[in-house]
Amino acid sequence: MDNSMMDSTLRRILFFSNEFPSDDLKDLFRRLDQHSKDRRFRLLSIFLEESTAILKDEVSKLPRPLKELVPPFNSVLSLVDVDFRQGPLGAAMESSMLTILELGLFIGHYESEDTEWDLVPGQSVLAGLSIGILAAAAVALSSSLADVAKTGAEAVRVSFRLGVYVADISTKLEAPQSDGTLSSWAHVVTEMTEASVQDELKQFNTGTHSPELTKVFVSAADKTSVSVSGPPSRIKAAFQHSPVLRYSKSLPLPVYDGLCHASHLYTRSDIDSIINSSESVILPDRSVRLALLSSQTGKPFVAKTASDLFLEIGTELLTGTIYLDNVTAGIVQHLQPQSKETSSCQIDSFRTSLVLRGIHSAVEAELSRDRQLTRRDLVSWISRDFGPRRPRSQASSKLAIVGMACRLPGGANDLDLFWKLLEEGRDTLTTVPPDRFDLNTHYDPTGKTENATQTPYGNFIDRPGFFDAGFFNMSPREAEQTDPMQRLALVTAYEALEMAGVVPGRTPSTHPSRIGTFYGQASDDWRELNASQNISTYAVPGGERSFGNGRINYFFKFSGPSFNLDTACSSGLAAVQAACSALWAGEVDTAIAGGLNVITDPDNYCGLGNAHFLSKTGQCKVWDKDADGYCRADGIGSVVIKRLEDAEADNDNILAVVLGASTNHSAEAISITHPHAGAQKANYRQVLNQAGVNPIDVSYIELHGTGTQAGDAVESESVSDIFAPVTPRRRPDQRLYLGAVKSNIGHGEAAAGIASLLKALLVYQKNLIPMHIGIKSEINPTIPKDLERRNVGLAMQNTPWPRPAGKKRLAVVNSFGAHGGNTTLLLEDAPERVKIQGTEDRITHSILLSAKSKTSLQANMESLLSYLDQHPETSLADLAYTTSSRRMHHNMRFGTLVSSISGLQKMLRSQLDNPNFASEIRPVPNEAPSVILAFTGQGAYYHGMGSELFAEFPYFRAQVQQLDRLAQRLGFPSVVPPWRRFWSLLGVSISAVIGHSLGEYAALAVAGVISAADAIYLVGRRAQLVEERCAQASHSMLSVRASEDAIQEMLAVELETASITYEVSCCNTNQDTVIGGPKGEINDIRRALEAKSIKCTILDVPYAFHTAQMNPILDDLETLAKAVPFKAPSIPVISPLLATVIYDVKSLDANYLRRATRETVDFAAAIEAAQDMGLVDSKTIWIDVGPHPICAGLVRSMIPSASAIPSCRRNEDSIATISKGLVTLYLAGLTPSWVEFFKPREREYSLLYLPKYRWNETDYWIPYIGTWTLDKAHLKHGTKPKTPFSGSMSRPSALRTSLVHQITAETVEATTATLHTISDMQHPDFLEAIHGHTMNKCGVATSSIWSDMAFTVGEYLYRRLVPNTKDVHMNLTDVEVLHAQVASKTKGSVQPLVLRAHLDLSTNSMSLAWFNADGETGECAAESFATATIRFEDPEAWRKDWARLAHLVRGRIEVLEQRATEGKASRLSKPLAYALFKNVVDYADRYRGMDSVVLDELEAMAEVTLVPERYGTWHTPPHWIDSVSHLAGLVMNGSDASNTRDYFFVTPGCDSFRLLKKLEPGARYRSYVRMFPLPEDPNMHSGDVYILQGEEIVGMVGMIRFRRVPRLLMDRFFSPPTTTSVAVPVPPLTGATMKCKDITQTAPALPTPAPPIVVSSPVVSSTMACNIPEPAPLLATSSKSSTPKESPIVTPAESERAEPVDNSMTSQCLRLMARETGLEVEALTADASFVQLGVDSLMSLVLSEKFRAELGVEIKSSLFLECPTIGEMTAWIEEYC
């Protein structure tokens, strides 16, 4: 308001009292603080911030004893709770707070009225008493309200300094009471004059010889009363001394902090020390603007500057006496009429008081009767409702929770199930499920078993391992290794975002760069237990906590902050608080927060139990007298939070509003794990102060409530003291309800806080507080006894919690950490939303559903149908809005346009009832198809086209109006609607343009060749030229349903006779031509063609365009066009004139437009050219831009499979037309901007809570196997008693592996070396290797064990003689195993064996012999049980030999594959192959390397993958050797060609075993073998096992032999030894055994029972057992050659030949990728992207290394980025590999 407009007749007094208003001070300050956060109270906020800063500054300068009295504060509101009338700083706090309150109310009053400064010098005068006069001074120095915000802060500084100084001086006069009792320094005496009181005081002071400084004096006086001041004891003595005063009417005043108005006490130096030490940079040069009346004289202070004014005021406050009568007189004098115009008087004040009422009465009595005196209260505004708060800054915003999701115990996998659980009062307690750990072994209630849990109870979520890996672009292997907490964090984050309707990038607040994640997690069970059993590539990204949040950010492409927090049990709610802080700090605009806990590790159970956290009796018994600890629980929860104003702007549903959030620490607790009531109460106060909320207004608290004695007692105390204090007491209608979700679902630890928050949010939604079920017997006696009197208590039954009309409910959520952290959240109701009722006139609505798998899409459709069946009243408009604009869309899509809910239900049912529906679903392409705009030419326009769009879409309307204004300024009447810009607004990216005839101008404008204004100008002038130069109706145009050549042929006779002439105007399609010419001749042509049954149509146009009729306008048109600038097209232009695609400006000029006007529009040739140049294909989408889809029909005629979309259609609602087009684009793979489509009327739509996404889940769970968490406790105990044998094993050894334990003798000479070693088969590593191969339920040493020992010793001795050897290549030959070595089952026994070796470099060979030894004495047996020879050879010779055989072996493999395809051979899966093996031998998992087998009688091949783990220290791990070689054993013991019912086959050895290169962990190989009976022994079979890597033979087991043994001998030969002594060996039946003392002697060995066996230099496989002596008639002598024999490769007959299997490099690569990712090869389709398959950067590195190592293909990991799909990768491989 301008000053000139103010009421010049109003006389005003502003009175600043020295008393606080009678209102609740805390409430006044809270409301001030609340209003200061609203942008409407900007200056109030500035004033409070400046005042806070000044008080902080002043406190920092105090002496330490005083400084320590002031608690830390961030707002003056924090000081309100301090009892500032007590202590040394009472005067300072009271003075400064009164100044702040009065000036804050003053500023707020003006801002609330939104009025300008109206205090005019001369008309407005200020008055005040005592400290109030300092607040008045701030106004006196101001010329605007903004000035008051700054000068007021300085007044606060002076007030504080004055109070500190006065208190300091006064305590030197009389010390405070030691018991803290407050004594008054002033009394008021009534019905006595000042003079009489002075006389009495003079007598007292003189008579008692009081020092001058401590005398009692008069500090204030008026007609009716006198104030007497002095030290409290002296005042008391004065009243006792004087009979007059003793019997006078007197009262103590609330002045407890010292003396003011004492001229005998203070001097100018005192005043200077207060005023002149002020460090203000604002006030010194400021002038006094308004008169301020002295409280002593009643006249205005004479000061002209700020410094002088404060000096005068300071002098008066410290030394002057207050005379209220003078103040009244001064006020009357000001209010008396100064002129005839003055008609009204006003006193502004802060409520009223006894003094003010006296002044008011006196003024009224003195004023003339024609003066009207009014009062204005400057406090009343503070209680007004100003509507929704408009935050002044992000820091003052309220926050909105807009989405939530959960996985909680008791099957609560969604919010509805969670609420049902709560409403029914269910307890989810159960015992630990077997998939977590085995209670039979890990539970011991006595506590005697180390590392065992003493409680079997918990609360667990359902199916924790189930996860949709494909949806989140994770491979099965990565998913399995990823912590279920992290997986479910992803899932619940998606579901919460879905509920919130968040589409990243839809609005500014949901831009991916402004979204952050905050999750609490306090354990690492999966990483430490389950995944650690087999650490793999994804151990770190799958298990480390930081990756949980990081994976969410990475998947959704959020680039905001990602925090994983651990605050123990409060982690979940602390993460929410951190998210809130980030929102208030402006670091994010949307936050996803939650808590995570999935229990698997018994160690944590044990640790928590031993620390007495856990209940041994069951569930959390919150507030029960028998509470004995908490019960553990799983839990996953996520919430989505925004600032309230953003949520409202985004049209979100708001679940509840966060007013405040805070976390502190119980630093003063008696122990780190003990709760502390003081810290909890301080945190409550912080949250309440932050929000400006009265704790009495809180009506529901969700307790932390663990059910521990200490926790329940402390929390009940803190809650009741703050929220239900003894005084002020809650009214009967202010019941405070309490609840604790842990009594239902247990303590979710890191997820506990988020579970509590989710419950609170549901309480808001359901308006019901669920029953508390934690008290099983009676309430805990440690709970305060007076809770009911305080009107607070648990909701023991389901209790309605209705929202009061026009008000909001307040709730608090607590979560405390065992480490001492306390987190509290304060919530209120969401704003009541009034949905704008629009006129819903859209005829049809687009309903969209999508998924990432066919299964999920079908399930989503079923869910929607079920929802609609249950909610038939659903608004179709809201459903369309929700499914399109408020959903993230995926590659499997369903879309339709419907006009009713019933129609949609019918559509969904018809689709779901189609048995082929799922198979017909196709994902949209990874690359969206190109979109081409086709602009229609003349003849299609009609009245009202696009009118619905014009009416509804502001952008469309604005563009039309802009173009229309351009056209009018150019002198033309109308324009084509701005379709291109509108389609772009809807998110459609244009790839190219084409224009038909006149449409070329629009196409050129869209391509940026000419401007829109130039296009309008040229089209308009062209039309004018046509009208001016061409005769109307003299010519016509004829559309002919035939090609140009066909027309010419049919009209050949007429043309030859020259009876007719025509020109081709347009070649629209190959069968659609438009001709033009003179009207009569065109009519003749029409008749001639119709006579030949050719369809013809005369076009409704007045001219024959693109014919000679246009010649008169061409020169002028070209001249006009030359004035127009032509630019290079921004997108390709498909030219119907040139029948080509134009990419540059060379062909586009004025002449082009001339030719386009005259020459043929060859639309068909242009389309064909675009196809030839690759710009157009069958997937290209065409958008017809024009009033009616003419070009669309032409395109479909040329490309029948093309999608052509109209922008407008005659006689059809234009919004419906656009909707259809958008759905078509959506289903083709584009993602239209549904946001823009719904934006004009978004407020009319509501986001629906539809069923959540239906996941296509698979169980990725790694069970904890065994008892190793228990076993590790025994590592600290002593070892077993030593035997002589075990003692020798404990000595240091130069050679020690898993199988070779100790060197007992070693001799090394120039060319020979001898070595004796000893090993214990009962050693854990050795025993585990033996038990990997069991026969007859006994662990039997496979020959792969002897192979590894041989290679280990061989390489060791060879390097002793030839130390600089790079690689040692060994051929293990003449392996003979005479006796099976069966592991003893006697616990604690030793089972020694001795290996003796002798190497001779002259023969390049080494002989080996294995002996049993006595377990007690270590004495070696007389004869060996196995022998072998190692020959050190050149591997290149092997390579050459095998190269000649490789093609034959590969050929046989291909034949087997083909026969399997034809059903002539058996293809066995891994499970089936090893099931067949169980006829004889049962392999452990690590030995099961064969992935698949093709078996054809005695011939077989196998695909083999070695496990990546070595599981010990080996030369070549036995389980690898067996995996590549035991195919031979499967042939003999699993083929139909063998009599496996009566016999089993074991291998006594082989002629040779050698490997070209070492076997590699995780590598893939192929094995091939063909066994054949030996002619000399019908009970023996032999064959060669070839080992291939890729196309190359890399190893061979030569002449491996198998002997047939009757099954009835199984028990005889494969039973464990009963003692540790060596049994008497069976005498050899053939050859001789090696004597123990003659280790250089070699001898052949007898066959040994065991399925296939192989020996290996770097690797061996197969089942090598021991020789079984058979009955004499069955035995035959076998002589062995020193060189291995290779069995011949048998070439099949032609009839047996088959087509080779696909073993190309591409196929090998695909198989490798499938193996490494855990996917099926069939899933690796050409259009599958590596991102979708879960091939991330880490997997890329693994795959590139595997390609190199296994296939010899050098591929950089970056290739997976350069070739993002399988198809592109395979194309690269075929090209370059």
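Just so it is clear, glycine is given a Cβ too, placed from its N, Cα and C backbone atoms.
Of all ranges given (434-464, 1674-1704), Swiss-Prot attaches the label region 'Disordered' to 1674-1704. Note: the CA-CA distance between SER1737 (O-(pantetheine 4'-phosphoryl)serine) and CYS569 (active site, for beta-ketoacyl synthase activity) rounds to 35 Å. If you take every residue in the region 'Malonyl-CoA:ACP transacylase (MAT) domain' (934-1212) and average the pLDDT, you get 83. Counting in whole angstrom, HIS704 (active site, for beta-ketoacyl synthase activity) lies 9 from HIS747 (active site, for beta-ketoacyl synthase activity) by their C-alpha atoms. CYS569 (active site, for beta-ketoacyl synthase activity) falls within a strand when secondary structure is assigned with DSSP. For CYS569 (active site, for beta-ketoacyl synthase activity), the count of additional Cβ atoms within 10 Å of its Cβ stands at 30 [all protein chains shown]. Under DSSP, the residues of the region 'C-terminal hotdog fold' (1465-1611) split into helix, strand and coil as follows: 32 helix, 72 strand, 43 coil.
Counting every protein chain shown, the number of other Cβ atoms lying within 10 Å of the Cβ of HIS704 (active site, for beta-ketoacyl synthase activity) is 30. If you measure from the Cα atom of CYS569 (active site, for beta-ketoacyl synthase activity) to that of ASP1522 (active site, proton donor), you get 50 Å.
Between HIS747 (active site, for beta-ketoacyl synthase activity) and ASP1522 (active site, proton donor), the C-alpha separation comes to 49 Å. Just so you know, the Cβ of HIS747 (active site, for beta-ketoacyl synthase activity) picks up 31 other Cβ atoms within 10 Å once every protein chain is counted. Within 10 Å of the C-beta atom of ASP1522 (active site, proton donor) sit 37 other C-beta atoms, taking all shown protein chains into account. DSSP classifies HIS704 (active site, for beta-ketoacyl synthase activity) as coil under the three-state reduction.
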